Structure formats: C-alpha cells, structure tokens
Amino acid sequence: MGERPCARRAAGGALCVPAPVRAWSGAAMGTRLRSAALWGAALAATAGAAAWVWVRLRSRAAPTPECPVAATAAADQGTGHGKQILVLGLDGAGKTSVLHSLATNRVKRSVAPTEGFNAICVNTEELQMEFLEIGGSESLRSYWKMYLPKVLLLIYVVDSADHARLPVAKQLLHQLIQNNSTLPVVVLANKQDLEGAYCITDIHDALALSDIGDNRKMFLIGTHVAEDGSEISSNMKDAKELITQLVLEAQ
C-alpha cells in the first residue's frame, strides 16, 4: 500500500480524493444528507490546509454535561434500540479527543488512553446525543460487542498514520458488525494531519470496507484534531452534522 500514489499526503498538504466521490461545498451538507441517492462529498484542501472527505460506501459485489455511566448501563437493560452512539477503535486512535471536540466544539488532545468507559452528552439544536466510548486496549475489546445491540450508531475511529495496526483495526471492525447488517457505521479516518497518514482511498482498502456489504448506511470520513484550545476543524464540524443527521433518521 505504501507505494500507491495516494498512500501519502501530497506536498501541498491536500488529501487525495477517491475517484467516485463528487465534490460539493460544505454549505450544502444538510440538504445532501437528506437525499436518498446520496453517494458522498469531498472538499479538497488548498494552501496546505487539511481536507475533509466523507464517502458513503457500497459493496462492489452487490454546555455539555457528562453522562453517568450508570445511566448508560441502565439504558442497555431495556428492549429495542437505545439512544446511545457507541464509539470504538484501537487504543491511541484518538477517540477521546474526537469526543471532546464533538461535545465542546473546542480541541483538547488526550494523551492517556481510556481505561474503561467514557460517557458524554452532546447537545445540538435538534437533539441530545449520548456517546459511549469504550477503551481500545486488548483487555477491553471483549466488552465491545455487549453494547452493539442497544445503540443507534457505531462510530469506529482509526489512526490513519498507524499503518502497522490497520489489519487489526480491520479484523475487529468486521467481527463487530458481521452479525448486524443494519447498524449504521461511521468510520473516522483520524489523524489525517500527520505525516505519512493514509488517505481515504487507502483507509477504505486497508479496512476492506467493500467486503462489508451495502445493506447498511456506512460512511468514511477523514478527520483530524487541531491544536489544543482552538476551535474544531471544519472536518469535525461536518462529521458532527453527519452524525446528528444519522441519529435523527434512526430515531
């Protein structure tokens, strides 16, 4: 994969864009998300600024309070789908930093991996979303599947620059969703700002997302978390809007 032309960031800082993706403006995001024929969107970067890309994938073959973990566990005892959004991924992928960005619209990088659970509520104009992050260390991955039947949406975060562990991320993702053909999935190809980060096309191939099938809503988004204390980047804003729309549709 490393030898492919788009496996690395171009000299100007732009991310390569997959061929089937149409380029639309971010302002059209809300309207486009509501279209049943929607395929994807991309905004190329210029002058060294990071780009964002999100793609709907189909098979080639066919003030923000913290949510108490106790409340999260209680919700899982009910029947049917819960209200939560499950956030998973390997340790070091950037899950906690992404969650903080979504919740506060400000950047706060996390240096310590989540040891256990991290529950956060995110308020938007349309609704309140409950995010549950489970740590990605080997000792915690066995808990992941326990929460899948009761969630509205799965967000799976990968480190685009951690090439060596992408096969592990792929295997775990496929195992997670193999028995749930309708759960919507948003894959965040995080850390797109790092040198050597794989672009969207290569993340798509590395995770073998085309093998998952097309009976679910699935999106792949390139993201990055900027400097501490700054406002979140445009790609994180677009990710938040997409997640909000998917939750609204699922309720």
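In case you wondered, yes, glycine gets a Cβ from its N, Cα and C as well.
The GTP binding site annotation in TrEMBL covers G89, L90, D91, G92, A93, G94, K95, T96, G136, N190, K191, Q192, D193. According to TrEMBL, the Mg(2+) binding site annotation covers T96, T114.
Feature map: annotations from TrEMBL on the structure.
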residue: G89; record: GTP binding site; contacts (Cβ under 8 Å, 6+ apart): K95, G136, Y156, V157, V158, A169, L188
residue: A93; record: GTP binding site; contacts (Cβ under 8 Å, 6+ apart): G136, V157, V158, D159, D162, A169, N190
residue: K191; record: GTP binding site; contacts (Cβ under 8 Å, 6+ apart): G94, D159, S160, A161, D162, A197, H224, V225
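Distance noted between the C-alpha atoms of D193 (GTP binding site) and T96 (Mg(2+) binding site) is 17 Å. Here the binding-site residues are D91, D193, and the one whose Cβ sees the fewest other Cβ atoms within 10 Å is D91. The DSSP secondary structure for T96 (Mg(2+) binding site) is helix.
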